[in-house]
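Down below is the structure, laid out as structure tokens.
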Amino acid sequence: MKTVILSVNAGSSSVKLSAYTAEQGQSPIQIAEVQVSGLTAPPASLKYERGGKTIVKSREVDDQVSDQRDAFSLILKTLIEDDDLHDIQTKDDIGIICHRIVHGGDYTKPQLITNGTYHHLENLNDLAPLHNANSLPIVRLCVQDFPSARNVACFDSQFHSTIPEHIRTYPINQDIARRGRLRKYGFHGISYSFITRATAEFLGKDPSDVNIIALHLGSGASACAIKGGKSWDTSMGLTPLAGLPGATRSGSVDPSLVFHYASDVGKLSPASTKDLHISRAEEILNKQAGWKALTGTTDFRVIAAAATTTSSPTPSPNPNPNPNPDPNPDPNPDPQNQNHRLAFALLVDRISAFVGAYYVSLHGRVDALVFAGGIGERSAALRAAVVEQVGCLGFAADGDEDFDGDGGEGAVVVDVGREAAGGSDLGGRPRPRVLVCRTDEQFEMARMCAEDAEFWGSG
């Protein structure tokens, strides 16, 4: 029996919803997508697509739409009031609502949301105060207003439940660690689940036979070593702050840095509420760092353009420096361009370090290096710089400057490497591929729900 599945992805400044029809055990078919963005910088705007066709390109919405609950209510109203969207005419047409939850603690698979599940997610706010709080108000609204629908929590952390103990453990007192649930969890797991399946299909392999190094690069960025189709290691840790820098996140830094950065880091941030406790340290490293702190912008396109039109940010090591340097260097280089080059080079360095570490951790048995996420898909300059930096491991790009995420004729996975040129890696194995994957977290959540009999009332 066919039902409607809604996939809800609530961020700090936007709510995105994809609607699908599906039968149990079958692949979902997308019928609509709605996004409300700009919640933190009014006026917010709405974008609506139905059946792959743009219905509303961008429309400013009422000033009263100021938070995630308001945005979700507007999205639902948009769907129900569209007479041409025949599959959704009332709330009762919706069978399953799946919610992206960043931190799922020890959950290893999607969970049907009950009172017990919901209270457990509330308790996890202590571990992820800046992340889970965006999703829970919509979860609560859906549980109250959709009595005939099944609400399902899909966790960004669940994919990483396979990380071995020696990798996920922090070297601290283990009694305290167990009580406080202090260990590496990892995130972007819904995306990595999609990437693993899509890459395996592209390579003509079973997911259990695939070893890849995957990079989810967006305003939040992470890396993941995937061994036999399962997470082996990932750059994010207890929270999404660890690992790679992002638009406003520092990524991994010396843990004592923040205490030297400001004197009040242990105090609560003004952004805290009665139910949401955020320290100044968390606010500084999550909201006031990253490449925006270096350049003044969160737009990586601006950074990449400025960095790559001046000089290479990651020159290859040269044991014989140029004996004839420019006798007339620019005495007044543009400091803004210097900052952009610094941010670009810093990100390339951090990404390359994880690629190298994961290549070793996987014993050199790597089928592909996979770029995904908004920046991973669209920044040919970043891909080229990273691949050049890790070229000693056998990776090679094929000049994909024209691929900006919109090429590939709609393909989910595109080969941008030089596999066809032959060659081998350090171990004499065929050269690993360099791929771009258009990850789709909303689809992956809907697929998980469609395949699990429990969410259809038959498990």
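Including glycine, each Cβ sits where the backbone N, Cα and C put it.
Keep in mind that what you see is a predicted model, and the values were worked out from it rather than measured.
Positions annotated as ATP binding site by Swiss-Prot, on the basis of sequence analysis: K16, H216, L217, G218, S219, G220, D299, F300, R301. All protein chains considered, the CB of S219 (ATP binding site) has 18 other CB atoms within 10 Å.
Of all Cβ atoms in the shown protein chains, 27 besides its own fall within 10 Å of the Cβ of D156 (active site, proton donor/acceptor). Annotation source Swiss-Prot lists active site, proton donor/acceptor at D156.
Annotation comment: Swiss-Prot describes H188 (among others) as site 'Transition state stabilizer', evidence class sequence analysis. The DSSP secondary structure for H188 (site 'Transition state stabilizer') is coil.
Marked as site 'Transition state stabilizer' by Swiss-Prot on the basis of sequence analysis: R249 (among others). Following the DSSP three-state reduction, the secondary structure of R249 (site 'Transition state stabilizer') is coil. Sequence-distant neighbours of R249 (site 'Transition state stabilizer') (same chain, 6+ apart, CB under 8 A from its CB) are G220, P240, L241, L285, N286, A289, G290.
According to Swiss-Prot, the region 'Disordered' annotation covers 308-338.
According to Swiss-Prot, the compositional bias 'Pro residues' annotation covers 314-334.
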Quick note, R301 (ATP binding site) and H188 (site 'Transition state stabilizer'): C-alpha atoms separated, nearest Å, by 22
Other C-beta atoms within 10 angstroms of the C-beta of L217 (ATP binding site) total 26
Lowest 10 Å Cβ neighbour count of the binding-site residues K16, R301 is held by R301
Taking every pair from K16, H216, L217, G218, S219, G220, D299, F300, R301 (the record's ATP binders), the biggest C-alpha distance in Å rounds to 22
For D299 (ATP binding site) and H188 (site 'Transition state stabilizer'), the CA-to-CA distance in whole Å is 20
